[in-house]
Structure formats: C-alpha cells, structure tokens
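Reading through the structure tokens given below for one structure.
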Amino acid sequence: MDVLTTLARTFFDWDYIRAVLPDLLGTGLWNTLVLALSSAVLGTVLGMGLAVMGLSRSRWLRFPARVYIDVFRGLPAILTILLVGQGLAQVTRPLFGYNPYPLGILALGLIAAAYIGEIFRSGIQSVDRGQLEASRALGMSYAGGMRLVVIPQGVRRVLPALVNQFIALIKESSLVYFLGLLASQRELFRIGQDEAATTGNLSPLVATGICYLVITVPLTHLVNHIDRRLRSGRRVAAPNDPDGPDGPGDPDGRGGPDALAKLNLTVAKEPA
Amino acid sequence: MTSSATQGPPRDGATFTSVSVEVRDLRVSFGTSEVLRGVDLRVERGQTACVIGPSGSGKSTLLRCVNRLQEPDSGDVLLAGESVIATDPDALRQRVGMVFQHFNLFPHRTVLDNITLPLRKVRKLARDRAEETARTWLAEVGLADKAPYRPAQLSGGQQQRVAIARALAMDPEVMLFDEVTSALDPELVKGVLGLMAELGERGMTMLVVTHEMGFARQVSDTVAFMDRGRVVEAGPPEQVFEQPESPRLRTFLSQVL
C-alpha cells in the first residue's frame, strides 16, 4: 500500500500537474508545434530536392545528395543541433538576436531532410518506369514528366513513412532546449523538466509526456489509416475529385457508372 | 498542326493528316548484345505495317527508335523524309503517338485528366479547350461516360482505348502500337483491334507490333517478320502469310497459327 502511494505521488501528483498545465498548454505546446511544423516544412522541401538530385542521371548531382544524406543520418541529432545552433549563432546574431529558434529549426530541418529525402527517393523509384515513358512519349520533358506524373504518385505511396518522420520530428524538437531558451521560448519538454527540478517530483514530466502523446498518437493512427487505404487499393481522393472516397469504388475495378447507378437506385428505394 | 489539335478527330469519314515512315539501316546494341542489326522498313503515308516475330527479335526496340524513346547507335528514321535524329525529341514525340502494352495511363488522375494533361502542358491549350478536345476523343473511342473515373475503375480494354484516345488527342501524324492487346483478357481484345482497324481505314499511318496474326493478316498493308534483330521478310500480308519464303518465317508461322 505504501509503495503504491509513493509511486502515485511520484508520478501522478495532481497538485503538481495542475500547477504546470497552464505553462505546458499556454507556452510549451505552441512552441513545440512551431518547432516541429517549421522544421517539417523545411525538411520536406530540402528532402524533395535531395530525392530529385539522388535520382538524377548526373553523378555531380547524385554524389552531393548521397554525402549529405550519409552525414546527417549518421550523426546523433543532438550533435547536429549543438553544432548548428551554437556554431552559427555568432554569424546569425545580427539577424535573429538571442533567439535560438531559427537555428534550432534549421538544424532539425537539415536532419529531417536527410530522412525525408530517402523516403521520397524510394517512393519515386517505386513508380513504374512506364509512367515516365508514357509522359515522354506524349511530348513532356523529363522534368515535366517527373513533376506532373511520377513524383505525385511516388509521394502518395510514402505518405505513411512521411507522417512517421513528422512524429519523430515532434519528439526531437525537445532537443532544442540544449541551445538555451528564455522562459517564453520553452517548449513542452523544457517546461516539464524545469518544473520537475524545482518541485523534486516527476509529475510535471508525466503531464508533459501526456501532451506529447496527445499530438503523436492521433498522428500514428492517421498513418495506419492511410496505410490501410493504400493497401486496400482505395485511392486517397483529392478534394476536387468527382469520385471521392465515397464515390463509385468497386472492388473488381470493372463496375464504372453502371455500378454507381445500381447503388444509388438501391439506396434511394430503401425508405419506401 | 497545333490548331487542328483543338478540333478533335476528323469529321465523319474524313481522314487523318499522316506522313510516311522510313526506317533506314537501324542499329541498336545493349552492351554486347545487338538488338537491331540494320533494320530497313518503309510504311507509306496512311498505311498500316504490322511487325511480327518471336519475342526478343527487336520489334519493340524498333518501334521505340521511331519516337526516340530508344536512341539508335546508327541509322535513322525518316518521317515524310525528315530525319528524327535531327529533330528535337520533345517536338518529335508530339508528331508520333504511342500506345503501350500496359496502357501506362496515369493512375492518380481521372480518365479526362489523362487526356487533358498533355494537351494543357505540352500543347498549351486552355483548360476548357483541352477538355472539349478530350471529351470529343473519348466519345470517339466510345467512352464518353467514363471521363470522371480513375483508370483502375475501367476494364483493361477500356483503359487501352483511353490510352489510344490520349495519344490521338495530341494530333499525331504516325501511331505506334507496342503489343497493345497482349495484356488484355481475350474477350476485350476485339474492341481494341476494331478501333485500330478503324484508324487505319481513316488514313492514320500505323506501325503495329503484334502477336495477333488475324489482325496482321486482315488490316495491314505490309507485314514485316523480324528475327534476331533483322527484318527477315516483308511484304503484303497475302504473300507473307500464304507464301513465306524463309524457313524461319515458315517455322514461326507454323508455331503461331
């Protein structure tokens, strides 16, 4: 009984949790999301560039992409964050002042780009060669065929892996606290850790963990959802598609409008 | 040419504006294996030539040299006397339509978008003009009602007819067909071959690589038999099928007929 009470007080002390919640939700959550989202955008853009370079026929484009990816995937994230965040701080101080966020975002984005680049490359490579050939045969340039036909299909296939990478980024954004943050700049982890240190109790960190889970668990399930859809062959429809996910999907792929007409007919008749 | 792309197919019974094709001493090697060892072939304007022969004989490679999806090591192809080697590949491919064995429709786009995409991006048509042209061609191949669907929602035969419409919408002067019925269920083959025969009748110059001997016999003006990278025998279908001269063609025909 005593052990249980001790454990409960160590991890789930409601008073400590209630004390840290306003900071977590008011400051930490926002800062974490800013870090994760900004670096995700940066990583996706750079990653696409790396993927296209990696698939180029020119070795002078392939080689730098290869080296970049090897280096940033091979280094511990914390090392990259410290090198970029502290190393470049002197140079960028006139621009950003003492705000470590821009460099933190840059470091996280550079790391993410290496992983996302590999994800995109594998996705684009998995698209049937015939797609580019058909594009070329219709008079499109290599770049046009890649941009309009091949890359959109490749990206669609790796959406689950991409969301996984975004989840990793949300968690890794906690490492930015190594760069030193002002009170208003603290993200989720730093707030929880500060509070745990001052109170000598781990409950604030548990509350922090729950905040992370509130973001990451729905994303994980989103991954599973997308994955299941891609596997079952149902297309993830673009918003302007006339045959959206609830459109005339027929399992054997032979139905067409007739199948839809039959379906509508049955549904319409039911109430009568 | 560009202006006629906006007008859709030739009206009732009218003919296509097509050109002659002349293949001259075409040679292609992949590493140490010679795939084409000096191929010559002439297709007059508005005529249909079928290329038959065992697999690996270089039929597809020959076809791919015409629109330079494959660069020949030497030799040339002349369209109305103009060298394709001397023509910019992207410009060349606007004059040469190609249909593939596995359709190669764009699965992430609707049937309509499959046809409008190259019209808009290559021919630079405005969206409404492109859609108008695309719908005309879809109607022409009997699939007007399939415009909003994804390719995967169509049967193989319907997909192949969309692919043909997509190529024709670009207003080509020559059409290349690379074993376009080989991936189809037997009952779907007829519709595609019928459509191709109709194009031939309307004056499209066509180069057809096929295993459909019935089609080759009935529809083509010239049949070329290829084996090991060479045209072994070529001539009118009656001659090639009824009086084959070379032993290799006789053996081949006895196996496929």
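Just so you know, glycine gets a Cβ as well, placed from its N, Cα and C.
Taken from TrEMBL, the feature domain 'ABC transmembrane type-1' covers A:29-223.
The feature region 'Disordered' is assigned by TrEMBL to A:233-259.
According to TrEMBL, the feature transmembrane segment maps to A:33-55 (among others). For the transmembrane segment (A:33-55), same-chain residues at least 6 beyond its ends with a Cβ under 8 Å from one of its own Cβ atoms are 61-62, 64-66, 68-69, 101, 104-106, 108-121, 124-125, 146, 151, 162, 165-166, 169-170, 173, 176, 187, 215.
Annotation source TrEMBL lists transmembrane segment at A:67-89 (among others).
Annotation source TrEMBL lists transmembrane segment at A:101-120 (among others).
TrEMBL lists A:166-185 (among others) with the feature transmembrane segment. Among residues of the same chain six or more beyond the transmembrane segment (A:166-185), those with a C-beta under 8 A of the stretch's C-beta atoms are 27, 31-32, 35-36, 39-40, 43, 77-78, 81-82, 85-86, 98-101, 103-104, 107-108, 111-112, 115, 193, 212, 215-216, 219-220, 223.
Annotated transmembrane segment per TrEMBL: A:205-224 (among others), in sequence order.
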Folded-back contacts onto the transmembrane segment (A:67-89), same chain, C-beta under 8 angstroms, at least six residues removed:
50, 54, 100, 103-104, 106-108, 110-111, 113-115, 117-118, 172, 175-176, 178-179
Quickly jot the same-chain residues contacting the transmembrane segment (A:205-224) by Cβ under 8 Å, restricted to those at least six beyond its ends, or write none.
11-12, 16-17, 20-21, 24-25, 28-29, 32-33, 160, 163-164, 166-167, 170-171, 188-189, 191-193, 195-196
